[in-house]
Amino acid sequence: MIKLKHRGPDWSGLHQYGDCYLAHQRLAIVDPASGDQPLFNEDKTIAVTVNGEIYNHEELRKQLPNHTFRTGSDCDVIAHLYEEHGENFVDMLDGIFSFVLLDTRDNSFIVARDAIGVTSLYIGWGLDGSVWISSELKGLNDDCEHFESFPPGHLYSSKEREFRRWYNPPWFSEAIPSAPYDPLALRHAFEKAVIKRLMTDVPFGVLLSGGLDSSLVAAVTARYLEGTNAAKQWGTKLHSFCVGLEGAPDLKAAKEVADYIGTVHHEFHYTVQDGIDAIEDVIYHIETYDVTTIRASIPMFLMSRKIKSLGVKWVISGEGSDEIFGGYLYFHKAPNKEEFHQETCRKIKALHQYDCLRANKSTFAWGLEARVPFLDKEFIKVAMNIDPEYKMIKKEEGRIEKWVLRRAFDDEEHPYLPKHILYRQKEQFSDGVGYGWIDGLKAHAEKHVTDRMMLNAANIFPFNTPTTKEAYYYRMIFERFFPQNSARLTVPGGPSVACSTAKAVEWDAAWSNNLDPSGRAALGVHSSAYGNQVKAVEPEKIIPKMEVSPLGVVI
């Protein structure tokens, strides 16, 4: 449990039945006084540990009139739903969650993870026949012979000893939808997704980069906060947070949005050297060697520490929009609506390995939770049912990336955002915090990875062989923390340009010679594409420390 204490610093819970153990580190957000875990049914024959939020718990309680609840925790409904419906209750949950439920009546257990994988979860197997479940792989790697990422939208039953997909939306088959675009329906679906996430008994805020997605999240939150239970407890003034290098594109845009919607704005600065100093801690916490994820996780990690120091325990964030609406700049080259839609499906399915992993682990490293309304089940259902022809980027018609989302919130009478923010070019988070950030990371890696080392890369790292010095540098650090083969297999690989999947690299022949996950790698699309930027100042040379801190990691 000590390895995951950073994820839940408020309470430690342990329950043992026979050779089954449920352990929980709690971050108390709803009913902090009595909602400690594990949670039980009335006679304590069913026990459950949960990481997440069940937004429709009050509605579900009403469907269980014959049950007595011990706490006001939103997760208290899970054990009782299982009593009533068995394993088939999971799709009734509206929220984000990873849970383990133990049924002592027959000594069985089930494990489930939310639809998209917003919460992190891993499963492992020991040589002695044991099964292990953990929010982070560091809770498994010392005890399991094999472990892997628990698939999103799935349930594992000890009776069948296999995974079963409980989340089966129409878009999952990648069939092309044909529903007409209804901007008001899309707007209302998103507003509902934001409002339901204002469930809290503790202080909260919103991450505001000044880009379209976070600005819409902040604008909708600010507009509807008054009158909610959250406002009654904590006031109607929303706090917003932004991070970046001095002069970063995000900082200016975020301040303008904050002033426009009236938030109490907090701007955090960091230097390239600050970020470099945090690389090892970040890789230990986020448990990946993926270049894009590490680039974006470092500023989010640094910002989360500052936010938590202000007494805030959770934040609303804008992850998921680019995957749903084809917001990454490489979508400009999608050849047709079929390819466009199938790529969005592939991107959503992979979110748990990238942006969801980053948002969850970068924040939970400091006991802070991130909520993501764009990944609301009902909102995804509405957005992914739109005929992708409407999502296609058509410059000649004035349709830039995420046009359907921008148009839905383009309200002349009651504007949500300034026009130029609503139509601001997409910036990936790792770019928006300052273009010098990525250049600084590359320069730092250049000093620690030689050409000779790169010649042997395929022999040293035959799986997901790093093709750049930056990737090689991150991989070295990752392997020192997590040397098991199972650990390296949890990280995705393959060619990518501007965050594309490997399949989408085929859209433009020139991209195969410019494989970099930065948005600036979208040559001919980004206004500051590689080849047009000013040379970055090299950071101070430091020798990376390669020892694991005894203070441990977070889950």
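In case you wondered, yes, glycine gets a Cβ from its N, Cα and C as well.
Taken from TrEMBL as is:
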DOMAIN    1-161  domain 'Glutamine amidotransferase type-2'
BINDING   Asp74  L-glutamine binding site
BINDING   Leu207, Val243, Ser317, Gly318  ATP binding site
SITE      Glu319  site 'Important for beta-aspartyl-AMP intermediate formation'
Is it possible to get the count of other C-beta atoms within 10 angstroms of the C-beta of Ser317 (ATP binding site)? 26
For the C-alpha pair, I'd like the distance in angstrom between Gly318 (ATP binding site) and Asp74 (L-glutamine binding site), rounded off. 23
Rounded Cα distance, in Å, between Leu207 (ATP binding site) and Glu319 (site 'Important for beta-aspartyl-AMP intermediate formation') is 10
CB contacts under 8 angstroms to Val243 (ATP binding site), restricted to the same chain and 6+ apart in sequence, sorted by sequence, are Asp250, Glu267, Phe268, His269, Tyr270, Pro299, Met300, Leu302, Met303, Lys306, Val433
Neighbour count (Cβ, 10 Å) for the residue listed as 'L-glutamine binding site': 25
Neighbouring C-beta atoms (10 Å sphere around the C-beta of Leu207 (ATP binding site)): 26
For Glu319 (site 'Important for beta-aspartyl-AMP intermediate formation'): intrachain residues, at least 6 apart, with Cβ closer than 8 Å: Asp213, Leu351, Asp355, Cys356, Arg358, Ala359, Ala370, Val372, Phe374, Leu375
Please work out the number of neighbouring Cβ atoms within 10 Å of the Cβ of Gly318 (ATP binding site), leaving out its own Cβ. 25
Quick check for the class: what is the C-alpha distance, in angstrom and rounded, between Ser317 (ATP binding site) and Asp74 (L-glutamine binding site)? 21
In Å, how long is the longest CA to CA span across Leu207, Val243, Ser317, Gly318, which the record gives as the ATP binders? 14
